[in-house]
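Noted in Swiss-Prot for the protein shown:
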type	residues	note
SIGNAL	1-24	signal peptide
DISULFID	C58-C86	disulfide bond
DISULFID	C64-C221	disulfide bond
DOMAIN	67-225	domain 'GG-type lectin'
Amino acid sequence: MRVAGAAKLVVAVAVFLLTFYVISQVFEIKMDASLGNLFARSALDAVVRSTKPPRYKCGISKACPEKHFAFKMASGAANVVGPKICLEDNVLMSGVKNNVGRGINVALVNGKTGELIDTRFFDMWGGNVAPFIEFLKAIQDGTIVLMGTYDDGATKLNDEARRLIAELGSTSITHLGFRDNWVFCGGKGIKTKSPFEQHIKNNKDTNKYEGWPEVVEMEGCIPQKQD
């Protein structure tokens, strides 16, 4: 009886040890697989991050150099979608912000700091050009001026208003016409014509929309004003 009991004990211990060994081996395999998957996922994530194209301020195509402000803007689309003006990744004017309107939309920015000074829109179809002229005259030297049309930005423009905008660096303002699409970035006190201007004429033969040309867009890097 003692021999039989001892034999049972030996068998029980052997079964326990075998079971423990098998479980430990399976657990180790699962741990190795889990760690392998973890490392594989980490490597894949690193590859995705390294191949994902970088995003620059305002969604422009390349980074701006130091002491420059990134900007991107678009004119309105027909009389349906308002213009959009972005500077340094901050949307200054848009339909979502509910601060755009028919006519010429204007954002004024401090040329040294990039801080927003004011946003306005002036109805050049059914409005009066006089408030727009007074607004243009009051712009201080060193101010960055960004403009974009929506619907019609030209009907009420007179020679004085066009001259004041030309003094900000615009070339196209002299022949901006009814329902043309136009975006412009210039500055008060600028000594040369601005390189930042796009203009599409309203032409029934080439218009993208019925009665309006396609949206005009522009992006770039504005030099920061230095003392």
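Here the Cβ of each residue, glycine as well, is placed from N, Cα and C on the backbone.
Feature map: Swiss-Prot annotations on the structure.
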residue: C58; record: disulfide bond; Cβ neighbours (10 Å): 21
residue: C64; record: disulfide bond; Cβ neighbours (10 Å): 20
residue: C86; record: disulfide bond; Cβ neighbours (10 Å): 22
residue: C221; record: disulfide bond; Cβ neighbours (10 Å): 18
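Reported as a whole number, the C-alpha separation between C86 (disulfide bond) and C221 (disulfide bond) equals 12 Å. Note: the Cα of C221 (disulfide bond) and the Cα of C58 (disulfide bond) are spaced 11 Å from each other. In the three-state DSSP reading, C64 (disulfide bond) counts as coil.
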